[in-house]
Amino acid sequence: MRNITKIFGHLKANDAVDFKLRENSIHGLLGENGAGKTTLMNVLYGLYRQEEGEIYIHGQKTDIVSPLKAISSGIGMVHQHFMLARPLTVVENIMLGRKSSRGIFLDTRKVAAEIRELSDRYHLMVDPYARIWQLSVGQQQRVEILTTIYQGANILILDEPTAVLTPQEAETLFSILRQMRDDGKSMILITHKLEEILSVVDDVTILRDGKMISSFKVTPATTKEELSRLMVGRDVLFDFNPAAVKPGKERLGMKDLRVKNDKGLPAVNNFSLSVSEGEIVGLAGVDGNGQKELAEALTGLRPAEGGKIFINGIEAENKPPAFFIHQGVAHIPEDRQNMGLAMGFCVSKNLIIKRFCQQPYAKNGLMNYKNIKNHAQKMIQDFQIKTNSTEDITRDLSGGNQQKVILARELADEPSVLIANQPTRGLDVGATEYVRSRLLEARSKGAAILLISADIEEIIQLSDRIAVIYNGELMGILPKGSQPETIGLLMMGKRQGENTGVKENQ
Amino acid sequence: MDNIFTATFFVSIFASTIRLATPILLTALGEIYTQRSGILNLGLEGTMTMSAMAGFVCAYFSKNLFIGFLGGIIVGMICSAFMAFLSITVRANQVIAGTALTILGIGFSSFIYRIIFGIQKLPPQVESLTKFDIPLLSSIPYIGTIFFQHNLIVYLAYILAVFSWIVLEKTTFGLNVKAVGEHPRAADSKGINVSKVRYTAVIIGGAFAGLSGAFMSIAYMNSFSDTMIAGRGFIAVAVVVFARWNPLRAMVGSLLFGIASALQIRFQAIGVPIPNQFLLMLPYLVTIIALITVSKKAEFPSAYTKPYSRMER
Amino acid sequence: MSKKINKIIQAIFPALLMVSGALLTGAILIIISGNDPIAAYAALLEGAFSNSYRISETFVKAIPLMLMALGVSIAFKNQIWNIGAGGQFTIGTILSVIVCLYFKLPPIPTIILSFIFAFIGGALWGGLAGWLKARFNANEVITTLMLDYIATYLLAYLVYGPMMDPNGFGYPQSAVIEKVLRLPKLIVGGRLHTGIFVAIAILFLMLLFWRSTLGFKIELAGQGNDVSRYAGIDNKKIIVITMLLSGGLSGIAGWNEIHGIHLRLMTDLAGSYGSIAIVIALLGNLNPLGIAISAYFFSVLIVGGNTMQNLTGIPYSLVDIIQGLIVVFVITRTAFRTESIQTFFRKRRYQHNG
């Protein structure tokens, strides 16, 4: 791939990226969230069209207009979210979209035999007649791999394949990948886990902010520190957060907390952390390491499987969401469109959806829309929400203003605890700065803030202490002023004290 | 003497069960294609009424029952194409779109019928489809009367049930239909045109409902009235859920409704004081119970009633 | 003040546009059928307004339709597609008549108890579907529809069986409720009765309801499971409450029809009221006042439609067609608002370019 540029709106997701994949190799594509890895691969797979640049396959210039074209050019992709219909069998999923040798009838038996053969060759252990819902996540992934091989792919793109796997399953996957390499196939592994790069990958390309930073062969001399520096590497940050007040007593506590994700797999394991009055604890971590589940457990939206949660000293695990709201736990959710806002409601109603039963917004079971409107006018002014009136539908607001509505609602009553999950994601620079300054202001008013973010810069700017989560586990707690590289290493799954020279903070 | 009476009684009950189940089965089979592709067509009642009218009108003027059936099928396909447009292209709420189609179908069919025939003392009639006794088999005692002395559409319906099962389980088209109903994004990523497959599945559903509507006016009765479908379109939807989207189980479901209606008609005729309403209620109750167990296992097509757009996640 | 008027016009204008569109399409159909649309609509209006009996009929028909549409609107606000209002109505009529015939109480308590029973009956019939949805995730479209049929057959069983009027010559109907239990008539020679005051009271209660915290909860629940849970609402409980109220109002419509019009049980009392109520709720944009106006409009169409058929020979089914067209226009407009159509056209353009 040469000189690939992909633009979304005014954002350059890929900026003149060169990418070269050797035959018979496993190539790691490394970068932070939003570095442009997935975009680049979607261009290669024909899901996006690049604005500039060309793609060459086996030396031949190829115009990949659609996934179909990619497939016929021998490119296969294993998505992070599996493209498998659950009630259908493995063989049915693999036959989908493919011409049958028996005309309009399915050639199930023939395909099943071929699948079995391929499965044996790569030790995939897939039963062609099993139904997808009966399979484990690791098995489903192997079905996806099998699908691409069956389609004749000799270039495989795997989008963060280990994100959903247990360590054992990941090991199995790697040995399969090695075997496929030895069999003449090439693979691109999108990842942000450093061990994976060191253990299976032959070459690595590192992207940062849409640009190709470096591309080289992985040798035994390659170190995690080197990779991390290339990936995160940025100028020393100015301190945005001078007035670190002395924290007070504990407002939010977690002890050995365990939470499961939607699939019923452990997402948060034995997590213990404490946030005190007037303190921002940054929780750094790459997406999908249990942050969402943790935030939901801390607001009553998801059951805790074990362990304890303390809110203002009261045991609160598995209490309903209303209890947390009552205790003054504010929550800026990651999914602001589905969870944080009622998009069809007007601004004034959205500002009170958590306290609509209380005075002065309601009395004797009746809403007081005059007070609600007055409240909204005040909030619109205080939080600089750009809207024509209090009755504008929230859906019509810009992303930044929608987030300000959430912020206004959650901060208006001076919460005792605030769980802010990716509060500035997707916002423009101005809105981002505004949200951050508001978080600092809330801290100075005494709120205990848990700031969950994948943005290291944000974590460093705002946090009084920095906790790092990886695979649902606490990797360590770093003091204010830690270097991005140090945080980055922990985010990649390296435990604190493991040869980093950083001392435990507490 | 008593014994013989009982035997004939049961034979006639079972024979009419098979006949009464036919229109429900046909419509349900079509709706299985539709729902498997992720669309709930609640407008079958209207579609069937339109086709009953169209089938009757075509048969009346052409004096040819075959053209009547063809007319019914074509009109059924047109009605369901409208439903497909509303639910796939406009992405309207499918429940409401189906309600609209039902109201419109009943309205239009009775409007057109009245415009063509006006008000007459005796309703216009066509010669209805005659019985076709299958040679040899029809002369087997009891069995012959029950299974092999019906009109051709009755046989066709049961053949179509098996045929539909083969289509859904054994052909690429069937696989595509199931895939767009379960995981449209996956189907799309494998180069399947989701809208096209859904349009096709909904229109096939319309063709079945059309045949069934025409059956009502020119093979079951020999005239048309705008109330003649009498809820069969909705019952078919219930049968589909009851059958868990399987054409062969749909046969069982339709026969259950058929036997309830057959007993009701018979009881009424001989004045047996058995509350047959409970019998009629039974299939609906069974459907609700089936729905509870089905919903728990989440066997509904995953993309049920959800429009698909490549843009949205 | 002018701002308020502006707002009202903004709310009503689309509805007027859709109604005009449907009437216009109807006119085209009339022309195709070889008749004069102006004469047809004139006959329709004459049928609805030419004398006091007919005017009173327009109100008589509007009452149950409005009550049922109000009930349907509660469910729709919570994105629950209750299409079985007819069944909930039927249970209401049954319980009303049972109270009137068998409870042997003084007139006033009987009427009140009948009202309460009808409400509870409808509420339980709707609430059952709500509970099945909350507990088993059973699709409410199917369950309300099935329960609709079950109610119809239950009514048939009662009037053919245990409740059949012993002096009714074997007709499938119950005995007539006592004269004192009938809602007093308002005009001589018409059927308009004092039930209309109950309906108006409920209309005002509904206006109040949407300003209540419970109404707010239901509306919020309709905005999505995630956001309502986030706001501290117990979604399952709200689903059941929504359906209880939704069914209850249809039950009251049943009470109204028994005490004001039918005075006894007969088969298929609900007719096609269930589906008309859906149309009315949608045309009224789920707003109580909008629903009241739409209900009256449909009632005029129904009452006038018969006269139109008799005077001009244009079939009554034109009214059904107009109803169906209005629904089509309403859902198409909703789809437009949610931009799906715009996305569709964008996609098309993109495909043409590519």
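Cβ atoms are placed via backbone N, Cα and C, with glycine included.
Bear in mind that the values here come from a model prediction, so they are computed numbers and not experimental data.
Counting only same-chain residues 6+ beyond the ends of the transmembrane segment (B:6-30), those with a CB under 8 A from a CB of the stretch are 44, 48, 142, 145-147, 149-150, 153-154, 157-158, 160-161, 164, 204-209, 211-213, 215-216, 220, 232-233, 235-237, 239-240, 243, 247, 250-251, 253-255, 257-259, 261-263, 265-266. If you look up TrEMBL, you'll see B:6-30 (among others) marked as transmembrane segment.
For B:42-62 (among others), the entry in TrEMBL reads transmembrane segment.
The feature transmembrane segment is assigned by TrEMBL to B:68-88 (among others). A Cβ distance under 8 Å defines the sequence-distant neighbours of the transmembrane segment (B:68-88), meaning residues of its chain 6+ beyond its ends; these are 34, 39, 41, 43, 46-48, 50-60, 62, 94, 97-98, 100-101, 105, 126, 153, 195, 198-199, 202-203, 205-211, 213-215, 217-218, 307.
Feature annotation from TrEMBL assigns transmembrane segment to B:95-119 (among others).
Sequence annotations record features per position, and here TrEMBL assigns transmembrane segment to B:139-168 (among others). Through the fold, the transmembrane segment (B:139-168) approaches residues 7, 11-12, 14-15, 18-19, 22, 25-26, 29, 32-33, 36, 69, 129-133, 174, 177-178, 208, 211, 215, 219, 246-248, 250-251 of its own chain, all at least 6 residues removed from its boundaries and within a Cβ separation under 8 Å.
Under the heading transmembrane segment, TrEMBL lists B:199-221 (among others).
Long-range contacts of the transmembrane segment (B:227-245) within its own chain (CB-CB distance under 8 A, at least 6 residues past either end) are made by residues 23-25, 27-28, 31-32, 35-36, 40-49, 52, 102, 209, 212-213, 216-217, 221, 252-254, 256-257, 283-284, 286-287, 290-291, 294, 299, 301. Among the features that TrEMBL reports, transmembrane segment is placed at B:227-245 (among others).
Residues 9, 12-14, 16-22, 24-25, 28, 235, 238-239, 242-243, 279-280, 282-283, 286 of the same chain lie 6+ residues outside the transmembrane segment (B:252-271) yet bring a C-beta within less than 8 angstroms of a C-beta in it. What TrEMBL lists as transmembrane segment is B:252-271 (among others).
As annotated by TrEMBL, transmembrane segment applies to B:277-294 (among others).
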